[in-house]
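According to TrEMBL, the protein carries these features:
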type	residues	note
DOMAIN	A:3-295	domain 'Heme-copper oxidase subunit III family profile'
TRANSMEM	A:15-34	transmembrane segment
TRANSMEM	A:46-69	transmembrane segment
TRANSMEM	A:90-110	transmembrane segment
TRANSMEM	A:156-179	transmembrane segment
TRANSMEM	A:191-208	transmembrane segment
TRANSMEM	A:228-256	transmembrane segment
TRANSMEM	A:276-294	transmembrane segment
Amino acid sequence: MAAHEQYYVPAQSKWPIIATLGLLITVVGLGTWFNDMKAERADSNGPLIFFVGGLFLAYMLFGWFGTVIKEGRSGLYSSQMDLSFRWGMSWFIFSEVMFFAAFFGVLFYVRNWAGPWLGGEGDKGIANMLWPGFEYSWPLLNTPDPKLYPAPSGIISAWGLPLLNTVLLVSSSFTLTFAHHALRKNQRKPLTLWLALTLVLGAAFLVFQAEEYIHAYTELGLTLGSGIYGATFFMLTGFHGAHVTLGAIMLTVMLVRVLRGHFSPEHHFGFEAAAWYWHFVDVVWIGLFTFVYVL
Amino acid sequence: MSAVIDTDHKGHGHAGDDHHHGPAKGLMRWVLTTNHKDIGTMYLWFSFAMFLLGGTMAMVIRAELFQPGLQIVQPEFFNQMTTMHGLIMVFGAVMPAFVGLANWMIPLMIGAPDMALPRMNNFSFWLLPAAFSMMVSTLFMEGGGPNFGWTFYAPLSTTYAPESVTFFIFAVHLMGISSIMGAINVVATILNLRAPGMTLMKMPLFVWTWLITAFLLIAVMPVLAGCVTMMLMDIHFGTSFFSAAGGGDPVLFQHVFWFFGHPEVYIMILPAFGAVSAIIPAFARKPLFGYTSMVYATASIAFLSFIVWAHHMFTVGIPLTGELFFMYATMLIAVPTGVKVFNWASTMWRGSMTFETPMLFSVAFVILFTIGGFSGLMLAIAPADFQYHDTYFVVAHFHYVLVPGAIFGIFASAYFWLPKWTGHMYDETLGKLHFWMSFVGMNLAFFPMHFVGLAGMPRRIPDYNMMFANFNMVSSIGAFMFGATQLLFLFIVIKCIRGGKPAAAKPWDGAEGLEWTIPSPAPYHTFQTPPEVK
């Protein structure tokens, strides 16, 4: 087990404390901003603090990942270190799965239990006495209290943009896999092209998603505030969209690295980690398309 | 190949190079460190600071409850004290203490040079002081700090919450990020950095219980993040997750929270199980009875923890099928837990036992944790829970599993491994005094709570019926005693760091494991070349 002797323990690093400060400043800024917005206080410092925190985080991300890339390329990482990264990334993705699971759980709970009870069904149907006229249906086109939560006039059909987006995202997983195969065969040109195509597909997905949101907000009255349908719809698709954005940023970094000649057919865990993440957001989308749009 | 690295790392990290170096000097050593021992030490000190802060809040609570009527604080502030006491003890004291022990001991126990991802390890730690400064600062904000109980049920924590709840939410996010990264580090270390020959079933139980704990953390902390995110959206962006007026459901909050919350209580006890499973064999001078069954019992407890959450919600209005399912599933937990208690007792059976401080805390752990387990079984019976719910009986129950469970487990570990950390023996007389004062204090504080709870005294209320006066006074006296005693612990630890009888590499003659093969105090870097485990 010679690999053990080469396990790389980095010396002191300034990046974690910068990351901590960055995150702290960012959330203090966000909190101040949100609270001032709610209390309608003018001249909030929130956005500024948030922006400063964001700068810290950006500096940290460039610096920390830059260091890791340098170390990796200078051959400091043994195959055992590589395995630590693999475990780390896998469990991180598992934690993301559980994050989405919470929101899917909410959706199932509302549709199977809370909603029907509110509509007067079953022995817990006494909840209906709060709003005796309320009838439950899914999609929820009427809310118990329309003054507080005005219901949407319609919902997004699964068979328009969402279907197109499904095709885009699923094909992007394929193109990414082609890129990976090209990398393993050391065919740099196909690698660059397939990776770039993946990014184009991802960007197209995000554009259509934005178009869908605009349509929902301006024409359907389907908003975050339009009752539980809008809340679950936007939280699930919104967090997914944020993850697609993050995945696309990762892949952009990988594209830049490819263009700079990084990665060898044997050593390219950075690329693989980003690819795993991309496949993960793809799988989440399939869950979303099924349970949020179709069913 | 090292052209880039040599400029900033002076060749450190090269294969097989004998370049040992000690810690850097000054404050920056702690801020920038990537050393698992430094980080473990910081976690432990942070945890102790939070233990004293949360304990001070408990003292405020007990002072107010010393007599019926309102004497010292207003109900609004009392609510903030109960809330912050719970949050600080759970997230600030118990969890970081175990992460600190994991950082110190797991690499030593499995023969690893450090944690798998040392820089992330530093990040995990420093997020905690950041999160807790933000959370504690809410007490000084307009409208006061969180006042909705540590379980922060909606709509108390959404519609009716003070403005500072926003910062509470972000503090929880930071703690969650810290916990997830810490847990990923533990899993990667255990799965990837074991010395050659250290197979999974040869790992010390502390390592096993932490592996399972880390899995639980990675599985449920994101759910907590989702939970507080939905609160944030309900408060600021008009969603109706927890508002029935929009089709949501306040009970939904409780489901999401307890899906996190129940595994969370095992996160706070499993590492203590592991530590006690190392300490009892050491002082009984017998190998642990039933090692394999301990591993499987821990795994079973972890699995069951995912399917029992609604036993916290028996009175909230869930369908009969739900009440029955969660009742029986909860009772099942008694089986693997019983296996563990049986194994600890059997380990002591006919052992050559001596009762040094770590052993005293461990034996008390087994007995008193079992009492907490039994009151848990009483609470698991759904129809009976309709009587106990939200009374002091519940408070008695979870303090019995957390104080003589988690906290005694931490004390036992601290005394057991202090010689390894500091190179000195602690003062045994003072250690025993600390144990007996803690033991008497906590039993005085929490045992009477069973009685007032069964008689109907509600929790989280600053005033109570005259008939509960005597028991509450006893509780408060016990609590003050327990609280004051912890300053003695601080003194003992500082004394031990500053000097004392030099500790041998293996100060406990019955102790086993790789951590006792290295000198005391443990050198700054250990196992850079992994040991062979036969």
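Including glycine, each Cβ sits where the backbone N, Cα and C put it.
Predicted automatically and left uncurated, TrEMBL annotations should be read as such.
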- request: Verify whether three or more Cβ pairs under 8 angstroms connect the transmembrane segment (A:156-179) with the transmembrane segment (A:276-294), leaving out any pair fewer than 6 apart in sequence.
  value: yes
Message: Considering only Cβ pairs within less than 8 angstroms, which of the stretches A:15-34, A:46-69, A:90-110, A:228-256 has the most against the transmembrane segment (A:156-179)?
response: A:228-256
- prompt: In the same chain, which residue numbers or ranges, 6 or more beyond the ends of the transmembrane segment (A:191-208), come under 8 angstroms Cβ to Cβ?
  reply: 161, 164-165, 168-169, 171-172, 175-176, 178-179, 182-183, 241, 244-245, 247-248, 251-252, 254-255, 258-259, 278
Statement: Per the Cβ under 8 Å criterion, with at least 6 residues separating them from its ends, the transmembrane segment (A:15-34) contacts 44-57, 59-60, 63-64, 67
